[in-house]
Structures are given as structure tokens and as C-alpha cells.
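One structure below.
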Amino acid sequence: MNPVKNQVPKVGFVSLGCPKALVDSERILTQLRVEGYDIVPSYDAADVVVVNTCGFIDSAVTESLDAIGEAMNANGKVIVTGCLGKRPEQIREAYPQVLAVSGPQDYQSVMEAVHAALPPRHDPFVDLVPDYGIKLTPRHYAYLKISEGCNHRCSFCIIPSMRGDLVSRPVDEVLCEAERLVRGGVKELLVVSQDTSAYGVDLKYAERPWRDRMYQTRMKALCEGLSELGVWTRLHYVYPYPHVDDVLPLMAEGKLLPYLDIPFQHASPRILKLMKRPGAVEKTLQRVQRWKAMCPEITVRSTFIVGFPGETDAEFESLLDFLDQAQLDRVGAFAYSPVDGASANALPDPVPEEVKQERLARFMAKQAEISALRLEAKIGSVQQCLVDLIEDDIAVARSRADAPEIDGLVHIQNGGELGLKVGDLVDVEITDSDEHDLFGDALPANVVPQQGRALNLQMV
């Protein structure tokens with residue numbers, strides 16, 4: 001597998017896990033390209049393979065170990081990084097021949113391991129790498145990671161043990177990166193972190209200069225800066241703190257997408273206390289209602305856990321009641337499963353697996369009814385949409401209410417007829433709906449074509 005002298009060194013790359021891990025992969029890939037490495041889409045063509053792992057839940061650990069094994073069998077020279085890398089003994093027990101193991105966002109260790117296995121070229125490709133770096137997303141949207149780590153200690157979560165406490169990026173650094181992405185053709189910025197609403201608390205909200213004015217390293221100020229770029233900006237992983245209200249005027253004024261991704265997790269005060277989560281359910285409902293009053297177009301997405309240890313029938317019913325009262329637009333849920341290292345594992349009264357699955361099915365059926373009615377109410381409206389895909393004569397897009405991969409789609413029936421392209425912004429008249437998606441026809445006079453180009457690499 002050793003490269004011939006003067007041949008371009010080739011690296012295979014596998015990226016697993018959440019959008020935050022995807023950003024880590026993009027940063028590593030950017031550095032590899034800057035140093036002259038080719039990124040190849042197969043194990044056979046690679047001189048070495050980097051696997052960026054996930055370790056959040058047991059199924060993710062299994063997927064990561066399987067990916068390492070596949071790379072070992074097909075290539076034999078494997079470098080492991082990412083969240084599962086915080087458990088090197090588990091990786092080396094399964095695969096003692098891996099070349100190196102490092103934890104998340106440890107970019108230097110990854111590069112050192114690559115250098116040791118495969119020295120870089122003397123004539124790197126600096127001029128061939130866009131100033132916004134290598135992106136693994138389609139060219140019209142990008143994840144913008146604003147911080148690492150988390151100060152919360154939720155009992156079901158082990159992220160702080162893997163990624164550490166909150167470390168915010170300076171606001172000017174984030175805004176400059178966003179500006180580079182927009183210059184490269186990105187039309188949607190997806191702000192991600194472990195806790196977006198806590199952004200800047202570790203830096204004591206320090207002020208930094210950008211575009212001839214000072215900005216605090218704080219969520220609201222960051223959003224104000226991003227709104228200057230003239231693209232869609234979507235907030236993910238927001239905690240339901242009171243100061244979230246501060247960004248609602250930006251949404252109401254059209255400067256920020258009217259969208260909040262807030263993981264409520266449950267509606268029982270006792271269960272929330274066991275989870276070590278904020279537990280004032282009445283205040284949460286009041287806050288959701290206030291957001292809708294301040295910005296009637298707002299979309300609220302959330303995630304929940306059913307079958308948490310000790311969850312009673314009555315507490316599960318209270319969760320269903322919460323859905324009825326909150327009328328959330330988008331909801332994700334999963335049945336609780338123990339995570340190695342989580343303090344919730346020690347809680348008494350585990351819920352039987354069959355009960356968890358029955359509750360999950362009821363929960364999702366309840367939310368499907370709510371989502372279907374909320375989508376049906378959009379029939380006859382005009383929604384601005386961003387085209388993600390062209391399939392035959394139909395353009396598959398997302399409205400301002402839909403984040404990529406986790407929310408619904410808008411199927412534009414006359415997309416082919418109008419010659420729509422991926423990355424186009426278009427107004428769509430909604431003609432039909434189901435419990436997940438919308439259907440409609442584009443208004444031809446209101447198409448903003450995609451411009452610019454970002455280098456898009458496919459993951460192995």
C-alpha cells in the first residue's frame with residue numbers, strides 16, 4: 001500500500017455521527033487537501049483510511065466499530081478519531097492493529113498520524129482548496145459549528161465526557177467563516193453546537209470586531225451578524241432558556257429563519273429532574289405560546305425520550321398531553337436505551353422493552369396527527385423553498401420550516417418544466433400535503449438561481 005515515489009498520497013475517509021462530527025471531518029479533510037493529499041472514495045484506492053467515529057449511543061458505537069473493521073479488512077491501514085476515540089481501549093481490544101486513536105476535534109493528532117503513515121507532498125495544493133475549505137454537504141448549505149462541548153450533565157448523555165465542557169469560538173471567527181461560505185455559494189447556514197443558547201458564556205460574552213462594528217460573543221449578537229449575510233440561517237440545539245426570546249424579533253423581521261430546534265426531552269417534572277433537565281413544564285408551554293405570538297410563522301422542532309427509567313403510565317400520558325397543548329411542528333423521538341458511562345444507568349425501575357416500543361409507537365402516531373394537520377393548514381399558501389434534488393421532472397426542496405435530513409420535503413411538481421436546479425430558491429404555491437411533506441407548483445417569476453461553487457466530496 002506504500003505510494004510510489006512522487007505519486008500523490010491518497011487518503012480514504014469515513015465520517016459518522018452528528019453534524020458537529022461532520023464539521024470535524026470537513027476540517028480534517030481541508031487540512032489534508034492543503035497538504036497535498038488526495039481524498040479518494042474507495043478503500044482500494046487509499047494508502048491510509050481515517051475513520052471519524054460516533055460514540056453517543058450503543059448503536060452508534062456498534063456502527064463505528066463495524067466501520068473500523070470494514071476499513072481494516074479492506075485496507076489495513078486505519079487511523080481512528082472522533083467520539084469513540086475517547087475509549088481507545090475499546091477500539092484497540094477489537095482492532096489492535098489500528099495505526100492511531102484520538103478523540104474528537106483533535107485535528108493535530110490525526111494529522112500527525114497521517115504524516116507518520118503517509119508523508120505529505122512537498123508541493124501542497126493550497127491554491128486548489130477554496131478559502132471556505134472542504135465541505136461534505138451539498139454546495140448550497142453548510143453546517144456552522146460555533147462551539148465545542150457542553151456544560152450540562154444530563155443523566156442520559158455522555159457527550160461532556162467525550163467533548164468536554166463548553167468552549168465557544170470567538171464571534172468574529174464564526175462570522176468570518178460564515179462570510180467565506182456565503183461567498184462560495186452557500187445559501188443556508190445551519191448553526192450547530194451542543195448548546196447554542198449557551199454560546200459565549202465561557203468567554204464572558206467578550207466583544208470582537210467584525211465589519212466595522214463590535215459584536216458580543218453571544219447568541220443574539222451572532223444571529224444579528226449572520227443576518228447581515230442575506231442567506232437562510234437556521235438555529236439548532238437550542239436550550240429553552242428565557243433569553244431565547246431575544247432572537248424572536250429577528251425571526252419576525254425575516255432576518256433569521258423562523259425555526260427553533262429545542263430538545264425538550266419530556267414533559268413530566270419528575271422525569272425531567274431524573275434526566276437533570278429544565279423541568280418547569282408550564283413555563284415551557286407558556287414560552288412556546290409566546291414564541292408563536294411573537295412570530296406566527298415560527299416552526300418549533302423538538303426531540304423526546306420515551307421509556308426513561310421510572311416513567312409511569314401516567315407520566316407517559318402527560319407527555320402525550322404536552323404534544324396536544326404545545327402543537328409542535330416537527331418532533332423526533334427514541335426509546336430510551338442505556339448508554340455506557342451514563343449516570344441514568346443506575347436509576348431504578350427500568351421500563352420493559354416491549355412497553356418502551358409501544359409507547360414510542362403511540363407517541364409518534366400522536367405527533368403524526370398533529371404534524372399532518374399543521375401541514376394541511378399550509379395548503380393554498382406560498383412558501384419560499386430551497387431546491388435539494390432533481391428527480392425526473394420533480395424538484396425536491398425544503399421550505400423555511402424544514403432542516404435537511406431531519407424534517408420534511410416540498411415536492412415541486414413543475415420543477416423539471418421550469419428547469420429548476422439544485423440550490424435554486426423558489427416560491428412554491430402549496431397544493432397538497434401529507435403527514436410529512438408538502439406538494440406544490442413553483443411560481444416561475446420568483447426563482448433565485450444558485451451561484452458559486454463549493455468543492456463537494458463524497459464520504460467513503
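Cβ coordinates come from backbone N, Cα and C, glycine included.
Now, the feature entries from Swiss-Prot:
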type: DOMAIN; residues: 9-119; note: domain 'MTTase N-terminal'
type: BINDING; residues: Cys18, Cys54, Cys83; note: [4Fe-4S] cluster 1 binding site
type: DOMAIN; residues: 136-374; note: domain 'Radical SAM core'
type: BINDING; residues: Cys150, Cys154, Cys157; note: [4Fe-4S] cluster 2 binding site
type: DOMAIN; residues: 376-444; note: domain 'TRAM'
Q) Here are some binding-site residues: Cys18, Cys54, Cys83, Cys154. Which one has the most Cβ atoms within 10 Å of its Cβ? A) Cys83
Q: Give the sequence-ordered list of residues that share a chain with Cys150 ([4Fe-4S] cluster 2 binding site), lie 6 or more positions from it, and have CB atoms under 8 Å from its CB.
A: Ile159, Pro160, Arg163, Asp165, Leu166, Gln194, Asp195, Ala198
Q.
Across the domain 'TRAM' (376-444), what are the DSSP residue counts per state (helix, strand, coil)?
A. 5 helix, 35 strand, 29 coil
**Q.** Mean of the pLDDT scores, which run from 0 to 100, over the domain 'Radical SAM core' (136-374)
**A.** 95
Q. Apart from Cys150, Cys154, Cys157, which residues in this chain have a Cβ no more than 8 Å from the mean position of the Cβ atoms of those residues at the [4Fe-4S] cluster 2 site?
A. His152, Arg153, Phe156, Ile158, Ile159, Pro160, Gln194
Q.
Using a 10 Å radius around its CB, how many other CB atoms surround Cys157 ([4Fe-4S] cluster 2 binding site)?
A. 23
**Q.** Residues flanking the [4Fe-4S] cluster 1 site, with Cβ no more than 8 Å from the Cβ centroid of Cys18, Cys54, Cys83 and excluding those residues themselves
**A.** Leu16, Gly17, Lys20, Ala21, Thr53, Gly55, Phe56, Ala60, Gly82, Leu84, Pro104, Met162
